[in-house]
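Below is one structure, written out as structure tokens; the observations come after it.
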């Protein structure tokens, strides 16, 4: 059997990669190779925080061309990115307006406005999605209110991965897993909810019916003239990461750890009860009709900002210095919206500790210790919420994504949660992207079969909880009322 070559374009909030996967069907050997890496950052344009999508497109094309230059025949391409953000196109397929980021503050106050007009429970009943102030629901309302001239110019609204697929193929697509992050998809019909869309003021005609992962959107013509299928993978990066999570059984939870931390479990049915609403649980779409019942946690965004502000280049050295410090001296609520995009993350963390009457972290190691301890405690709280929601404790927690390389945080998580943690794979989003491509190419039957491939090829590390650790002893004192729901 011939080797399959699939390319995953994986875009994150701070960087992007073009990765080549080679799959040998016989031994089920799967290898990944990074072909091209590039930075991604926000730019101020006309007062808005925007993505440089032209630069990103150029980097994507350069990465694909690098693969072709090596004489490799690509079987398929897939693109995954972050959620909620969109690009407007006119009837000719030209971009309209700016590709504004979810971290821009233009949606301030609109979540409360929606709750007042539609009702919080009604919005949740329709969408099943967590209330976040930057959801596309509120972004579109901000667009209509603040830039009404763009509404008549636009003919289509594409989420970020669908936009880049369009740029490669010329074909429009609205992929389901990412569409659900908008808070605009009806959880019962898997189509756009007209009541919610009407509230935004955006035309329903901007959107086509969401399609589930696994369809071929179109073809990219490589410089050598080959027509390469572009597959609609699970284009929300977390959806792809969950596909690649080697969950042991239905009682295993996952934590996709990166800029954001997404903690949850898979379910064949959504959870939209009052308890789920009160806990601000989200029911995002997954592959094969599964729901990703999860909660957004601010994640390593706080650390990324601190590293930049403190000019730290040696992360492993910082982690070693952090591990030597006592635990739980500085505790913040990582899900406080004050940490979404402050002018200085270091100063904001210090201010939060000062406001709480705690000692104030001064050094880079103390700031990191504050972040790690606070995240681990929040992970424990969320895991308990999820277990209570489903009425059954979890057997394991699988940490996947780039954050799973942080061994200190992995152990703190195991200790705080009192559960065995299995870390890996690191490249979860990329692997999940590749998994859907291999299923589309009929090399694998389903997600469960792909997870067997992941288990057979990925390096996994187990962390056993230590009930005598400082953070484990502190957990009993950790008061839930000290935290509030992220942007709820």
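Cβ coordinates come from backbone N, Cα and C, glycine included.
Other Cβ atoms within 10 Å of the Cβ of residue 237 (active site, proton acceptor) number 31 in total over all chains. For 237, the entry in Swiss-Prot reads active site, proton acceptor.
According to DSSP, residue 402 (ATP binding site) is assigned to a helical segment. Here Swiss-Prot flags 13, 14, 15, 16, 17, 259, 304, 402 as ATP binding site.
Following the DSSP three-state reduction, the secondary structure of residue 236 (substrate binding site) is strand. Sequence-distant contacts (6 or more apart, same chain, Cβ under 8 Å) of residue 236 (substrate binding site) comprise 80, 81, 82, 83, 161, 175, 177, 178, 180, 181, 284. As annotated by Swiss-Prot, substrate binding site applies to 83, 236, 237, 238, 296, with the evidence given as sequence analysis.
Swiss-Prot lists 68-222 (among others) with the feature disulfide bond. The Cβ of residue 222 (disulfide bond) lies under 8 Å from the Cβ of 64, 65, 68, 74, 228, each of which sits 6+ residues away along the same chain.
Positions annotated as disulfide bond by Swiss-Prot, on the basis of sequence analysis: 353-370 (among others). Spatially close to residue 353 (disulfide bond) yet at least six residues away along the chain are 330, 331, 332, 359, 360, 361, 370, judged by Cβ distances under 8 angstroms.
Per Swiss-Prot, disulfide bond is recorded for 413-417 (among others). In the three-state DSSP scheme, residue 417 (disulfide bond) is classed as helix.
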Find the shortest Cα-Cα separation between residue 16 (ATP binding site) and the recorded positions 296, 413, 417, and name the residue that gives it. 296
Residues 13, 14, 15, 16, 17, 259, 304, 402 [recorded ATP binders]: greatest CA to CA distance in Å: 18
Annotated substrate contacts 83, 236, 237, 238, 296, maximal Cα-Cα distance (Å, integer): 14
Between 13, 68, 370, 413, 417, which of the recorded positions has its C-beta surrounded by the fewest other C-beta atoms within 10 Å? 68
Can you count the other CB atoms that lie within 10 A of the CB of residue 238 (substrate binding site)? 30
